[in-house]
């Protein structure tokens, strides 16, 4: 029930000697009396939350604050711990700068300790030297004198941390006592809600408590007279003094120091950029002129345009002399002399020193993309072919322990390997004759090489050819290789050692088919029946020799000579050792028994255990049982008996690395482990046993097919490149021109490329030339994204206000949140809105970052600037200003409904919404830096890509470094700084939260820029950082502006005026000072001659010309160059010189622009890319040559025009197969090859195996 009455109160009395005048003031006083409401009528009110004073309990928002601190902190700390654990295990992701950049620019490697990344040998605050006199001496010194943009961002973060830390101290030590000391809490001073909802305990720690204290004093003082207030105004003065002190604290200790710190860092950044432009770039610029903006130059050849620029006085060093056929054409007409005098050439204000025409290369780009696919397929086939062979040793060793995946055995089928293609007609006839025979089932036999593919060159290596001539007779004077040399020359140890009757003079009279053995350096026949058996020594040949014996070919089994020769280079020691133990071998053979094999009726091998032959069987096999050995069909030599497989299971003590040893325990000899065994001869290459070698034929067929396609498409691309150069020379299909020079920003129609590097140009954008409609569409998408973000944040604000006074009355579905306090309610009011807002903002920033690529920016630096600006404005306007504003409006729904104290309630709502800003900051304070470090998407993608990578090039592209993105790296800090600059004194609790966020981001950022982010893009000299510092200076005005508006609702005119005036002054000072410091001379600063030259250039460019006779008007006619000539050029340089009739830019002294970066293109810098492996040695010898990318670093034609024939990148193997393939590809197919570098030994030989370039 509300009661109103009118009363009059004397307020002024004036008394003199004759008259006394008293004035009265009438006002209407009203009071509201709340009558108790029956519980049965409104059951919801009975369950509503009760207000709690700070220190007397915990309400819903307080519990939500605790949960918001605890849950994200635990998740964030787990992410930090996860990163600390997996960092040493993923060096290709988290230690990329330790192996990717040039060796001199790599940081010191970190240890594998858990928390080593917290203290890397990288400065927390990078220095910006002012003395750059020794610039250019070395890349390392230049990196110290000119820090990268990432390092400048680190300095900006440090400055932000210092400012927010100061604001936090002022808020906690200065503002918070003003709010709490001798003031009543909101539970006692704030009016109760009409329906549901209460003020939170958190609001007792904000400016709202002081304002309620002031409102109560002002309301009580209105019922007393002025004289009474003068005598008893202590309480009123106390509240007003607190507000005055707060205003002074804000302006003097928060705003002014913050602006001063920002402007100081701004001056340092601007001075650094000036040094960077003058010293690092040499005052050189890069610019782009679109053909649409210069229709007058359509149809002009490049040389004609260069001569026009020189004649116009805008260039002095452009090479316009004809170099056709290697000779320069001298100027014959005095009219061709440029207007610029020689003495003025060095002082030109606008000096175009390089001009590069950009033509239509879309079709050429498609061809190069197709070639890249062909190259990848060829490298995959070559890699699989190389991996199909391995290095093996005569004796078992560690090399034989490599596990082989036997896929064919899964189906119960034995895999086979066929012979390579033999040479000669007779061999072809033998091969055809074998076609009707059953395929040899020998599994993994090293003596049988494939026929369906070409084996490595070692298979076809011939022996010594000394003494070979056309004489078919027996000439004793012929020189033959010794048997030892002949044996040692073999690469595969399963081939025959052929000895013909013609060699009997050398080796002696050896009966055909006899068993032979090397004795004292001479080949002698092994007598039948002696104790010297041909069974090899199992103690020397080890573990699986019997299995290998069964698995070997029938040729090996029927020719013990080959098996004996497989043992390697037998010296006297080995021969003596063999003779000493042959008796034991013979006894073993006698004990185990023999098994006769009939070649006419059964296969030569069986893998089943052979039973011991009975005496009856043995006697049946020999004539008359006399024990005489059975001879072959020619009666010459005895057929070798194959010893059966031993069925005896060795004891556990005898099971070594290689099981199934067939030696007696009584005669066992201590045998060294495989990796310590002394091999009798060098290793040899053989195919992998477990590979289905029919598939090798498919692999080699793929190699032939892709190799042929690669050579064909190389010719097509060379022809297309020559056609494109002809178009440039003719001036046809020109998209625009890239300029390099001084003062290019004065050139009409020129768009600056701030990165000043080849990698900074968006070549695809130059080809598309996006129109205004496309750019407008991109900005429309960004605007719609901002609108959707605003709608989502509106819902977030509504959810966060669920327990606000009288708010749930208008949104009944939020009524449960205004009920009794609880932990679930706290989650719904604090953590849920914070998570939802974070998700909405992240999605919006990602959409903006993707959409800005369609804004038509011609450079990556320009694109990054547009993206950063768009994200900053969206975060400021939507995520901060809109969120606080719409929350304040929703908070005052009751006031807008009743029309009572609307502005005052809106001001209270803006303070109330500061708790949501605190929740947002706490939600990302620990998780956001951890995610920056962890890079979850990259962590999931790179290991999977590496696992699927077959070739070194695929591996290189999988681990290629990620570049720095200021929008994502600093987005959370920018949002936190916006909230801190708005509420650090209004709600002091937000300051420490922002300090934690910025500090942890600073720690993560230092590690990322030092060890993770690749600097493969160009630098801008701190352009983004300068703009950010200027905007941060403007953000400082937010808090005095908001506080001034709040004081206006209380009619505190002086304080509000001072605060609003200071906010305006901050904006004017920061913006004005920044504009003054970054100003650039205008067109009027140029001389008259230069301005006339620019006017001539603009007039000619804007006046379209219709050249019907291009052949007669062009200074480069078809008679002066080789047109449409067939064939391929030796290099891109020759193509440029012969087609464009100019000397390539790289033949002159290369200037500072275009700038160099850490970019490694695996197609143009393959040799350097081959050294960028995480396991490669840290210090490798320098390449003795410049690769194609280095040679073309000063040429700014389209990359498709400069693309050379690709270099095939193969993995390096210990068997030498890759080097053999590289030599073959270079020698027979003229394809350049490089090998992957994993160890120091890989670079001992010249890295470029192909000498032709």
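Using the three backbone atoms N, Cα and C, a Cβ is placed for every residue, glycine included.
Nobody curates TrEMBL annotations by hand; they come from automatic prediction.
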Where TrEMBL places transmembrane segment among the ranges 133-156, 157-180, 181-204, 205-228: 157-180
Per TrEMBL, the range holding region 'Disordered', considering 430-449, 450-469, 470-489, 490-509: 430-449
Among the ranges 870-891, 963-987, 993-1012, 1032-1050, the one whose Cβ pairs under 8 Å to the transmembrane segment (157-180) are most numerous: 963-987
Contact call for the transmembrane segment (993-1012) and the transmembrane segment (911-934): at least 3 Cβ pairs under 8 Å, seq gap 6+: yes
Long-range environment of the transmembrane segment (243-263) - Cβ separation under 8 angstroms, sequence gap at least 6: 159, 162-163, 166-167, 170, 174-175, 178, 207, 210, 214, 981, 984-985, 1029, 1032-1033, 1036-1037, 1039-1040, 1043, 1047, 1052, 1055, 1058-1059, 1062, 1066, 1069-1070, 1073
Beyond the flanks of the transmembrane segment (1056-1076) by at least 6 residues, Cβ under 8 Å: 247, 250-251, 255, 259, 262-263, 266, 1029-1030, 1033-1034, 1036-1038, 1040-1041, 1043-1045, 1047-1048
